[in-house]
């Protein structure tokens with residue numbers, strides 16, 4: 001892992017410490033092209049949004065040779081939770097964190113959208129309950145990871161984003177994509193809420209922060225402010 005070294009002088013003594021940078025990896029799932037993210041530091045792995053390629057996700061986690069300590073969900077549409085229980089069972093049931101507003105959707109195909117008629121080609125997704133509900137705008141510290149959960153509803157009722165200030169990045173789920181935004185024609189979607197959440201919670205982050213969305217390529221806050229047609 002890379003290191004940042006800092007120093008200062010106090011009472012003629014050298015104080016020396018370091019910060020270990022997190023690395024982020026992505027795999028793309030075959031259903032809906034959903035992005036699953038893996039956050040890795042020197043201690044552990046955090047998984048975000050386990051999509052449909054369950055065995056690939058499990059193999060990727062094992063390749064890091066570190067414990068999986070948490071699974072974070074940006075929202076609970078089926079393409080973001082498809083392999084949730086498969087991954088839990090493969091890694092001794094790490095705790096799952098979810099928005100309280102969408103917690104019941106984990107076991108409801110109608111609410112997580114896998115039960116819609118247009119999705120007859122996939123199984124109904126039914127997952128076990130999550131262990132934890134997010135506390136919005138409260139800092140989290142998990143095995144060396146530090147992040148804050150931001151409310152970004154609009155694509156779904158309880159959608160959230162995760163900002164890692166030390167690593168200058170934000171994972172936005174299906175709220176903000178490169179040069180577009182999440183769909184707002186789904187149950188519980190609301191266009192005005194989505195635009196407001198992006199403006200208030202994401203566009204107030206530093207311009208250079210990297211954006212990792214639930215589908216498609218990464219981008220930056222600056223690029224989306226300047227090039228996203230929904231904000232011009």
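Glycine too: its Cβ is placed from the backbone N, Cα and C atoms.
Note that the structure is a prediction, hence the values are computed from the model and not measured.
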Swiss-Prot has 79, 80, 174 down as binding Zn(2+) 2; which of 30, 215, 223 does it also list for that site? 215
Further Zn(2+) 1 ligand in Swiss-Prot, beside 75, 77, 174, within candidate set 93, 155, 165: 155
Compute the C-alpha separation of residue 215 (Zn(2+) 2 binding site) from residue 174 (Zn(2+) 1 binding site), stating it in Å without decimals. 7
Between residue 155 (Zn(2+) 1 binding site) and residue 80 (Zn(2+) 2 binding site), what C-alpha distance do you get in Å? 13
Once the chains shown are all counted, how many other Cβ atoms turn up within 10 Å of the Cβ of residue 80 (Zn(2+) 2 binding site)? 29
